[in-house]
Amino acid sequence: MTDDPDHKPASLLQQDARTKARNAAEKRFRWYGIIAIAISMIALVVLLATILTAGAGAFRQTYLNIPVTLDPAVLDPKGNRDPAEMAKVLTLSYGRVLDAAVEATVARHGIRIEGLSDKDIDGLISKEASAQVRDRVLAEPDLVGQTVEFDVLTGGRIDGYFKGRVTMDSAARDSNTSPAQLQLAQELANRGEIVTRFNWNFLRLADASDQRPEAAGVGAAIVGSFYMMLVVLFLAVPIGVAASIYLEEFAPKNRWTDIIEVNISNLAAVPSIVFGILGLAAFINFAGLPQSAPIVGGLVLTLMTLPRIIIPTRAALKAVPPSIRDAALGVGASRMQSVFHHVLPLATPGILTGMILGLAQALGETAPLLLIGMVAFIRDIPSGLPQGLFDPASALPVQVYNWTQRSDPAFIERASGAIIVLLVFLLCMNVLAIWLRRKFERRW
Amino acid sequence: MYDTNRRVENAVTPKDIKIQARKVQVFYGDKHALKDVDVDILDKTVTAFIGPSGCGKSTFLRCINRMNDTIPIARVEGEILLDGEDVYDRRVDPVQLRAKVGMVFQKPNPFPKSIYDNVAYGPRIHGLSRNRAELDGIVEGALRGAALWNEVKDRLSEPGTGLSGGQQQRLCIARAVATSPEVLLMDEPCSALDPIATAQVEELIEELREQFSVVIVTHSMQQAARVSQKTAFFHLGNLVEYGDTDDIFTRPKDSRTEAYISGRIG
């Protein structure tokens, strides 16, 4: 075989040098592929594992169960149970009532810990707790004078202790807590007074100030993101699909349509923050729409999403075989009938996929929203539609950005929790895209 | 205007002229694809267009129902009269024209819908039926006309794309026939079919001749000889010779025709 000048193999049972080299190259290439996939899978797993471990805590919350004697002398000084009058009593007074209740509970259990101060005992509960109790009392004025069991939020450090974020060591170096306080919390937990439950409030409540991470939630961000997605859905999708159909099926192919085409591709590549500047100038400064409002965020994201819907929609229309158009025209269908009866149904799965991926991208977009004021501290959930579109709101990715800026490590947990919420929404949208694609896919 | 009652003498039996083309030129951009085509196509006759690839026979076919309008760079000059009316007149809506001049394409292209909907689509958009029963009648008639009824009558709701290639092409013929056109254009209808399906379609063309004027573009000279009464030979954008099929294949007048049918060019 080696002597053969034409490199012809002497036998089929023996591989010649060329075949061996080719097979080796093929094998190497397979390994490159496997390694590439392995790296990306590992990266994904590490990412998800990090976020899940960091963010799982946000979905659990520790509460202290205490009987609170709602002293009428403090909470309703006039004694007429008029909510309007009672509203003048500030959370500060409720704080004193709660402090007394916590101290009473500790005393009742006879817990004695060396170095435990009253400040430590009062610090068990969140600063948010007094607002929690006040809201409840104002809603039900008849509670005043009674002793009512309350599940109040524990402080961020206590919460962190039960989630493993705060340890005795770290507490010793922390001015906001002390080992004695944690010991007390442990004692109360052993007696069943401190419990950890699923934290629905994380999904329901709005943001909270720096001192009370335990009360912060993504409610306002979810509502804000949802409203923005509605705006994008009702603006970007019809405009984008109509533009694609016109450009692909009706527009003459000339210099103007070429320019439009190039610009749509360019627009898709414009950094999203530029759209934020545009939105600030056009919608807020010029049109006078309110800052931080989902309507403005939605409009900005609509501009950003349009090219990202137009491009896949055009691709989907282009993928419909021309023979279908010929067939429709051949039996005397008008251009519009051929598009709407035949081409569009065949392009639907592609259009829907593009649309949902565009929406998903818009859902995760942060930069343009920072410029139109959605990064502001939002304490209230936006109201219902349509007024809610003009209320200040946050958005999920912006909320994540916001929380990662705060100093208290408890906010990192919240930020990871918000990322999990965001990822769940994105996952749902992708599953929906796949499902729609399957449902509408037709073979021809 | 052209008198539709005029009789022509060169046919075996005197027949009406259905389509009359005069000095038809087609340009694709700068390319002069079809030059000075004059042809009279008879009613209730099968006319075959033959010629080597790129000779302009399909281009001319697509001029008759203005399918070339869908190609932006195509430009048509001259006149094509259908029953004495110029189809390129500004007042003509191609949609109305295509209802009168049906077309069957090279590759079977049924809609990805049910067999019934494939055939019913044309009648529906042209409003040819007043109710479901009437539409059912049209569909059955068209499928019978395309010799497909017996094969599909029990599965009309199944997708047309599930049929075999030959059945699909006959479905496309049924679809074209359903709008009761006056002319049926066929652009190499058998090139994607096996010999058995081809034989079925050819048989069908023979039957369709009784109702329509059929114009068929084909690459197969045997097919042209089998199915057509008139044959036109195109070469390099020119209509070289047009006459009775028998004459073209046995006594061609032009040397290029003779060269083509004897296999020396093309």
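Placement of Cβ uses the backbone N, Cα and C atoms for every residue, glycine included.
Residues or ranges marked as domain 'ABC transmembrane type-1' by TrEMBL: A:222-433.
Beyond the transmembrane segment (A:31-59), the same-chain residues lying 6 or more positions past its ends with a Cβ under 8 Å from any Cβ of the stretch are 163, 165, 198-199, 202, 412-420, 423. The transmembrane segment annotation in TrEMBL covers A:31-59 (among others).
If you look up TrEMBL, you'll see A:226-247 (among others) marked as transmembrane segment.
According to TrEMBL, the feature transmembrane segment maps to A:267-287 (among others). Beyond the transmembrane segment (A:267-287), the same-chain residues lying 6 or more positions past its ends with a Cβ under 8 Å from any Cβ of the stretch are 296-297, 299-301, 303-304, 306-308, 311, 365, 367-373.
Annotation comment: TrEMBL describes A:293-311 (among others) as transmembrane segment.
Outside the transmembrane segment (A:343-364), and at least 6 residues removed from its termini, the chain residues within Cβ reach (under 8 Å) are 225, 228-229, 232-233, 236-237, 240-241, 244-245, 249, 301, 304-305, 308-309, 311-313, 315-317, 319-320, 324-325, 328, 396-397, 422, 425-426, 429-430, 432-433, 436-442, 444. Residues or ranges marked as transmembrane segment in TrEMBL: A:343-364 (among others).
Annotated transmembrane segment per TrEMBL: A:415-436 (among others), in sequence order.
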